[in-house]
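Noted in TrEMBL for the protein shown:
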{"type": "ACT_SITE", "residues": "H258", "note": "active site"}
{"type": "ACT_SITE", "residues": "D309", "note": "active site"}
Amino acid sequence: MMSTTKGLEGVIATESSISSIVDDQLTYVGYRIDDLAENSSFEEVVFLLLNKRLPKQDELKQFENELTSNMEIPDALIEHFKSYDLSSVHPMAALRTAVSLLGLYDSEADVMEPNANFQKAIRLQAKISTIVTAFARIRDGKDPVSPKKDLSYAANFLYMLNGEEPKDLEVEAINKALILHADHELNASTFTARVCVATLSDVYSGITAAIGALKGPLHGGANERVMKMLTEIDEVDNAIPYIKEKMANKEKIMGMGHRVYRTGDPRAKHLKKMSKELTELTGQAKWYEMSVKIEEYIKEEKGLPANVDFYSASVYHSLGIKHDLFTPIFAISRFSGWLAHILEQYDNNRLIRPRAEYVGPKIQSYTPIEKR
Ligand SMILES: CC(=O)SCCNC(=O)CCNC(=O)[C@H](O)C(C)(C)COP(=O)(O)OP(=O)(O)OC[C@H]1O[C@@H](n2cnc3c(N)ncnc32)[C@H](O)[C@@H]1OP(=O)(O)O
Ligand SMILES: O=C([O-])CC(=O)C(=O)O
C-alpha cells in the first residue's frame, strides 16, 4: 500500500490560480497581500478572486452595485432566527444552518451552469454579512438593520451590526481584515468546499460544509479563543506565567503556529499594527501589550509564529465586537475564497477521493450474534 502523510502535510492536492504561498509570501492571483491590504477595497478583492483579474473602475462600480443590491435576505431567515432560543447557539452554527436554508430560497440552487454559479457566488457573498448581523441583533432582542446602498461592504457590515454609521477608522480596520482573510490556498475549509463540490454537489452545499470546517478551534475558531485567553490573562504581567502553565500542560496556544508558514504569517503584521493603533485609541493597550509578550515568548521557546487569528482578536475586541462573532467575520471574508475555489473546481473537475491505509484487524470469521 502507498505511504500515508498525517494531516496530508506537504501533499499537493490540486492546481489553483487563485492564491499562492511561496517562501512565506502570500499573493492573490499574483498580487501581493501587502499591496492589496494597503490599497484595495474588499469588493475589489472579491472581484479579483472570482474573476482572476483586477477590475477597471466602471467594472468595480458595477460589481459594488451588484453586491449591495443582493444584500437583502429572505424574511424566512429572520423568522427562523426568531423562532429559536439563541442564547446558547454559537453564531457559526447559526450561520451553517442559515446558508443551507438560504439555498432553499434560491430557485437556481441546483442549476450547474457556470453563469448561474457565478451569480450565486455574488448573491452568497452579498448576503453573508446581512445574515451574520441579523443573527447578532436578533439574539440581543433587536431588529435587524437593512443594508444601505451607498455604504461599502465593510461599512455596511458595521452599520448593520450596530445600527449606526461607523467611523472611518473602524471601516478601514474591517476592510483590511476582510482583505487579509479572503483566501489562503488549500486551507482546511477551502479543501472541504472543494471536496464537497467535486462530487458535483451545489454551491450551497460546498459553502455549508466549509463553514463547518472553519468553525473548529484549529482553524478559524482560534480567533475567538485568542480573546478568551487574553481575557483570562487580563494583566500584562500575568501573560508569561499563564502561557508557561498552558505549555507545561501541553496545551496549544491559540493563534500561534501554522501548517505552512515557518518564519511568519505575512498577514499578522498588518493586524498587529491595527491592534496597536486601535487598542491605544480605545485606552486598552494592555491587549496589544500582552499579545506581543506571548508572541515573542512562543517564538523564542517553540520557534512558532503568530498566525492571522492572533492579532485579529484584539482588533475586533477594540471595535466593540462580541467575541463569538470573530469567526463569523472570518467566514464573511473567506466566503470570497471558498466561492472562487468552488467555481475553479467546477471548471476543471475530478472527484476528490484519496485512499486510507487500513490498519484494522485482518479478515475475521463472523460469529452469529447469539453465539458471541
Ligand atoms: C486561519 C488559521 O486556520 S491559522 C491556524 C489557527 N489555529 C490556531 O491558532 C490553533 C493553534 N495552532 C495549532 O494548533 C497548530 O499550530 C496548527 C493547527 C495551526 C498547525 O498544526 P500542525 O501543522 O498540524 O502542527 P502540529 O499540531 O502537528 O504541531 C507541531 C508541533 O508544534 C507544536 N505546536 C503547534 N502549534 C502550537 C501552539 N499553538 N501552541 C503550542 N504548541 C504548538 C505541537 O505541540 C507540536 O509539538 P511536538 O512536535 O513537540 O509535539
Ligand atoms: O492555511 C491554513 O492552513 C490556515 C490559514 O491560515 C487560513 O485558512 O487562512
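Each residue, glycine too, has its Cβ placed from N, Cα and C.
TrEMBL annotations: computationally assigned, not manually curated.
A separation of roughly 11 Å, to the nearest angstrom, links the Cα atoms of H258 (active site) and D309 (active site). Taking the Cβ of D309 (active site) as centre and 10 Å as the limit, one finds 29 other Cβ atoms among all the protein chains shown. Cβ neighbours within 10 Å of H258 (active site), excluding its own Cβ and spanning all shown chains: 17.
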